Amino acid sequence: MPAIVLIGAQWGDEGKGKATDLLGEQLQWVVRYQGGNNAGHTVVLPNGDKFALHLIPSGILTPAVNNVIGNGVVVDPGVLLTELAGLEERGVDTSRLLLSADAHLIMPYHVAIDKVTERFLGAKKIGTTGRGIGPCYQDKIARVGVRAADVLDEKILTQKVEAALEFKNQVLVKIYNRKALDPQQVVEEVLTQAEGFKHRISDTRLELNLALERGETVLLEGSQGTLLDVDHGTYPYVTSSNPTSGGAAVGSGIGPTKITTVLGILKAYTTRVGSGPFPTELFDDHGAYLAKQGGEVGVTTGRARRTGWFDAVIARYATRVNGITDYFLTKLDVLSSLDTVPICVAYEVDGVRHDEMPMSQSDIHHAKPIYEEMPGWWEDISEARTFEELPQNAQNYVLRLEELSGAFISCIGVGPGRDETIVRREIVR
């Protein structure tokens, strides 16, 4: 059976949790392959229960599904324990969660440096979540990071923390005028936390490849979105990892030839959290309408999301860089009750039309959207379960997005619930 990659095709917050939940009963494994608790997935179960997940894969809410936090994820031990406790308090079985031995741990000094750096930068800040994600990835690349397996050997953990703080305390004290951290206190804190998760540490690469050999289906669940990718996103306003499909193989330990489907998640309009370019951003009543109807508040940060019309330029770009085979279009219902629904089909930069993503950072910042107006619809579409049950104008809108994006729209979300979905083509096939 296949490995399926699920990725956000915009700037994150597209509705990836809903897609994972819908596929849940057809899956045996769900894997987070990058990012950390700087992103969130919201899942609404058929009984109306709502769960916000930050580190743990969305498959944890489906009985009998095995879940993996992969080697490409950076893990805050305290956040992991808090999230596990919250799920268990609500009756969720968390026994099927494994943590890669090679996943890097977010240490207290990562969070301290992240927060103080953003304050220091002021108006020039990137807009991070302040959760230590970037500094942890910096240590990973610099080969001085702490991995999950290190908590199983106190001597190694102590050596790594002491070496890290020898430099980082200089930064905190001499550059940012903050207090130094005590290495032994950091070690003791992490070892105490490790008591709650060390039994989950595993060679997850081996587990996943054995699962594929047995014919089981594995979903590789990305966080954030294509335009936040450190290589392919709107740099420097990006995250510190690779949410794109290429990062799925690296962050899970599954070979790329095992991947048969790349499912992109597209919101029927566009949103973004934090700083950075956003060509279709709205500052009028339409923007306020989308924000209100769509409940556009960040799951992790609580920050209001910026809103705009659908951007086909970035959708085409996402299709290309990810090799997307199928799209799941979410929140189509939010667009009900609009007379017209504009679609950005190209950009204008300094009087020149760009049908594809501009190459330079300056051009994307100065891009002006070129819109195509589509007739809207006023009907409530939340009860539609087949494509033909949608109003004709809604059907036309979906088909136009499909044409502009360059990949088949296999599923359409018409509400937040698992069952509020139209399936035009099965994803697991």
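Note that Cβ sites are derived from N, Cα and C of the backbone, with glycine treated the same way.
What you are looking at is a predicted structure, and each value in this text was computed from that prediction instead of being measured.
Per Swiss-Prot, the feature active site, proton acceptor maps to Asp13; the stated evidence is sequence analysis. Within 10 Å of the C-beta atom of Asp13 (active site, proton acceptor) sit 27 other C-beta atoms, taking all shown protein chains into account.
The active site, proton donor annotation in Swiss-Prot covers His41. Take the CB of His41 (active site, proton donor) and look out to 10 A: across all protein chains shown you find 26 other CB atoms.
For 12-18, 40-42, Arg305, 331-333, 413-415, the entry in Swiss-Prot reads GTP binding site. Look at His41 (active site, proton donor): DSSP puts it in a strand.
Counting every protein chain shown, 28 other Cβ atoms lie within 10 Å of the Cβ of Asn38 (IMP binding site). Marked as IMP binding site by Swiss-Prot on the basis of sequence analysis: Asp13, Glu14, Gly15, Lys16, Asn38, Ala39, Gly40, His41, Thr129, Arg143, Gln224, Thr239, Arg303.
For Asp13, Gly40, the entry in Swiss-Prot reads Mg(2+) binding site, with the evidence type sequence analysis.
Summarising the annotation, Swiss-Prot assigns substrate binding site to Val299, Thr300, Thr301, Gly302, Arg303, Ala304, Arg305 and lists sequence analysis as the type of evidence. In the three-state DSSP scheme, Arg303 (IMP binding site) falls into the coil class.
Within 10 Å of its Cβ, the residue among the binding-site residues Thr42, Gln224 with the fewest other Cβ atoms is Thr42. Ranked by Cβ neighbours within 10 A across all protein chains shown, the binding-site residues Gly15, Gly40, Gly302 are led by Gly15. The two recorded residues Lys18 (GTP binding site) and Arg305 (substrate binding site) have their Cα atoms spaced 18 Å from each other. Note on proximity: among Asp13, Gly15, Asn38, Gln224, the recorded positions of the record, the Cα nearest Ala304 (substrate binding site) is that of Asp13. Separation of the C-alpha atoms of His41 (active site, proton donor) and Gly15 (GTP binding site): 7 Å, rounded to the nearest whole number. Counting only same-chain residues at least 6 apart in sequence, those with a Cβ under 8 Å from the Cβ of Gly12 (GTP binding site) are Ala39, Ser223, Gln224, Gly225, Leu228, Pro243, Arg272, Val273.
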